[in-house]
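**Q** So TrEMBL lists the following for this protein:
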ACT_SITE  HIS142  active site, tele-AMP-histidine intermediate
DOMAIN    46-156  domain 'HIT'
MOTIF     140-144  motif 'Histidine triad motif'
Amino acid sequence: MVNEDIKLRTRLSVLSSHISHSLSISMASSEQEAALAAVPSDSPTIFDKIINKEIPSTVVFEDDKVLAFRDIAPQAPTHILIIPRVKDGLSGLSKAEERHTEILGHLLYTAKLIAKQEGLDDGFRVVINDGPSGCQSVYHLHVHLLGGRQMNWPPG
């Protein structure tokens, strides 16, 4: 009975991921359009406004270095964005310098902590989009933590 239950849950998970994949195709094209329209600048981003509490968000984790909150257009049952509180020139990963190694490591370690907090024991995916071809739509470095369903390969 336990094996049958596990098989059923696995089948439902795979089916659910295929259904959500087909539903997300139109979302993906709008994300691509947003990325192509985004222009890197030094002006405050939507993430700066979230950090400053000017825009509400559902915060799931915060410390003195990072803020993590639920994505408003989730691509998986669990979709959390993890951002550095101080941009410090990190509009994207391609802008990283040696001085950023501590915050880059902290972002990934925080992803692991949140995955555990969210119960993503079966696995999760961490994504960093960079530049227009990488589908980056907000020029403030951010890590996507995705989980709660079977991920597919290759991505995007």
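Glycine too: its Cβ is placed from the backbone N, Cα and C atoms.
The model shown is predicted, which means the values in this text are computed figures rather than measured ones.
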**Q** What's the number of neighbouring CB atoms sitting within 10 A of the CB on HIS142 (active site, tele-AMP-histidine intermediate)?
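**A** A count of 25.
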**Q** Could you give me the DSSP helix, strand and coil counts for the domain 'HIT' (46-156)?
**A** 29 helix, 25 strand, 57 coil
